[in-house]
Amino acid sequence: MVALESTILSHGLPAGRNLEVAARLEDTVRRAGAVPATIAVLDGTPQVGLTTAQLERVCSPDEDLDKLSARDLGPAMASGRSGATTVASTSVLAHAAGIGVFATGGLGGVHLPPPGETTTWDVSADLAVLGRTPILVVCSGMKSILDIPATLEVLETGSIPVLGYGVDEFPAFYLRSSGLPVPHRVDGPGQVAGAMTAHRAFSSSGMVLANPIPAEAEMDRELHDRLLAEGLAKVGETAVSGADVTPVLLEHFHTASGGASLDANEELVVANAELASRVAVELAR
Ligand code: PSU
Ligand code: MN
């Protein structure tokens, strides 16, 4: 089985497009021989695997779902609320359901400070949760709107193995490389499964499998850097904070690039779903 998250659908992609991507992701997993389980909380109940109607609900702008991180699960369940799950909460629920492989676009991480500020305490719970949750997250690195070197340091602190899939340089979400070396390179699902099995023998932490965006879908680097500078300035000016920062930055990329970053985001997450499925099939052998 391969877990898929729902925050990327409800808060990361525009309405309409999100449902197309959701269907394509599930289809990609099935074609690769695995079973998809998209995860969300609906009316207070965690759902691991959604019906078509539930998936439509998660993708509908009228539903206005909460963005639920791991700490929000208990309160949301107790009060009967509905929400989309992030990498952190999806990992928790997938593991509780016995699923060991999870595909997403980009991991959360250490946020960059807006211009004029020197630091931010905005560090995604994705990192702390992965430190204690045995799951493999297949992603295209962390989102490039983040401080990638700092996030790699926090992953090391959490004793979370970071594997680069077929690359020596750590990917940067919309871009194939961040210029930073990956700690361990793996080539092929067999090597990923081998590393996972060996790690599981003595550790219950999560693992990151960083899969670079397909070359033909990579964004133009200059455009990327300009949009990032603009997005950070916007966050600084509008005093957006907390859980809203990531959706606001992604939305800026999507509108200001005329949809180019949207295409890139879709292609990378589909590629990650495919790779996660190949690893899950290998593990089941
Ligand atoms: N990957 C994407 N788009 C997204 C996300 C991941 O391609 O929107 C979501 C994930 O759910 C991730 C969240 O956990 O962004 C990070 O949010 P924050 O920085 O607030 O922890
Ligand atoms: Mn945050």
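Heads up, the Cβ atoms here are built off N, Cα and C, so glycines get one too.
Heads up, TrEMBL stuff is auto-annotated, nobody curated it.
Going by what TrEMBL states, the substrate site holds K67, S124, A125, D126, and the candidate of V48, V87, V110 recorded there is V87.
For ligand 1, the nearby recorded positions are E5, V87, S124; that is, of E5, V87, D122, S124, these have a C-beta under 6 Å from one of its atoms. Note on proximity: of the recorded positions E5, D122, K143, the one nearest V87 (substrate binding site) is E5, by Cα distance. A gap of 11 Å separates the Cα atoms of K67 (substrate binding site) and E5 (active site, proton donor). Apart from the site residues K67, V87, S124, A125, D126, the chain places the Cβ of T7, S69, A70, T86, A88, S89, G108, L127, V129 no farther than 8 Å from the centroid of the site's Cβ atoms, the recorded substrate location. Across the residues the record lists as binding substrate (K67, V87, S124, A125, D126), the two Cα atoms farthest apart are 13 Å from each other.
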